[in-house]
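Undergrad: So TrEMBL lists the following for this protein:
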type: DOMAIN; residues: 6-120; note: domain 'Acyl-CoA dehydrogenase/oxidase N-terminal'
type: DOMAIN; residues: 124-218; note: domain 'Acyl-CoA oxidase/dehydrogenase middle'
type: DOMAIN; residues: 230-387; note: domain 'Acyl-CoA dehydrogenase/oxidase C-terminal'
Amino acid sequence: MDFRDTPEEAAFRAEVRKFIEEEGHKARIRDDDGERAFFGGSKEWTKALAARGWVAPAWPKEYGGAGLSVMQQFIFNWELAEARLPRPGGIAVGFAGPTLIVHGTEEQKKKYLPGILSGEDIWCQGYSEPGAGSDLAALQTRAVRDGDDYIINGQKIWTSGGHLARYMILLARTDPDAPKHRGITYFIVDMKSPGITVRPLVNLAYTHEFNEVFFEDVRVPRENIIGEENRGWYLAQTTLSFERSNIGGSVGARQAVEDLIKFARENATNGQSTLAHNPAIRHELVERYVEAGVAQMMSFKIVSIQAKEGVAPGHEAAVAKLYGTELNQRIYRTGMKVLGLYGQLDARTDGPKPPLRGRIKYMYLRSVANTIEGGTSEIQRNIIATRGLGLPRG
Ligand SMILES: Cc1cc2nc3c(=O)[nH]c(=O)nc-3n(C[C@H](O)[C@H](O)[C@H](O)COP(=O)(O)OP(=O)(O)OC[C@H]3O[C@@H](n4cnc5c(N)ncnc54)[C@H](O)[C@@H]3O)c2cc1C
């Protein structure tokens, strides 16, 4: 196995590095970026990426993307992660755009794609409900036809960025009598529509990322359906050929461990770290270091399968998601031990400067959600068991 770049890959990596060197400073968040920066970095950074089609690296060029190959995307994501730079896009680039490109009408593409590519429009995803998460097809939000409109009633939950979004991609039930996967339709909802209430949900790390969204007789024009009525479930699976290695995540894990090792080395004797007196923590750091290396190998394996076979690996991606997110929790648990009591300081509220800018504490709390968002660990284990290992369904 040879991990070295081909000459073409090396040239592309050099291009990305040069871009980062010249433009990376624009990612620094400024006051007028406001809360939206949380969902993709500064406006200036988005603009710099947009100028090269790199807001949507996987989209075809004809739709304003960069048309990068899977391997190029991998290199792009890897280099950005190494430089600790954010990737804008989120739901808009990952879900709404691809669904519009594959299933949307020409009018819909013209209307919505430019705002996604410029980073102007944030989108949110209205899928989960209080009674529908892992079993998403159980969703109950209703859309009833009324002339040229649909009237939506119901509730979504855990809607990331719902308070900042211009549009939502919404799954709603249009045929309550059909089998549950078949009566669902895919809508675009203007978040400024009358009848929508967005209520904040503050997470364990004390940040406002997600929301509850209530729909009370919300009128959505028929032209806002993507694809056919009652076929929404199948559209919701649409992606373009995004690389699925999670290289950004595995590089982030390695960097976090490296930060902790550096901190432990530098603070071993000044009382801020329990490390010098606790060989168990030393061993933990070594374990995390080895595990972060394993996570990176998983990323390499996935991208090589994807680049060679042209298909997104199913159960290997589930293995990497399961391992990477549970590893994240272990890393930040170790981190809290390395930092000791100082690690409990909060960068936002506490006077004294917290070690490592308070990031370890924040991530210790935030990483709890990593094993839930995007499919829980149990669901990943089910996928691996059935699709990967051929075990019978539980
Ligand atoms: C940070 C964050 C951001 C999110 N952002 C969004 C968003 O923007 N839009 C959106 O629509 N949703 C979003 N979600 C919701 C997310 O998709 C759901 O939380 C997730 O799918 C799990 O669903 P649930 O919370 O209803 O839990 P449930 O599905 O009710 O699961 C409860 C528990 O039961 C287990 N379980 C469920 N089914 C099985 C099974 N078949 N076998 C074994 N165990 C099972 C689960 O693993 C879990 O431990 C977000 C979640 C988080 C944490």
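Glycine is treated like the rest: Cβ placed from N, Cα and C.
Curation does not apply to TrEMBL; its annotations are automatic.
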Undergrad: Over the domain 'Acyl-CoA oxidase/dehydrogenase middle' (124-218), what does the predicted model average in pLDDT?
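TA: Mean pLDDT across the domain 'Acyl-CoA oxidase/dehydrogenase middle' (124-218) comes out at 97.
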Undergrad: For the domain 'Acyl-CoA oxidase/dehydrogenase middle' (124-218), what are the DSSP-based totals of helix, strand and coil residues?
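TA: So the domain 'Acyl-CoA oxidase/dehydrogenase middle' (124-218) is made up of 3 helix, 51 strand, 41 coil.
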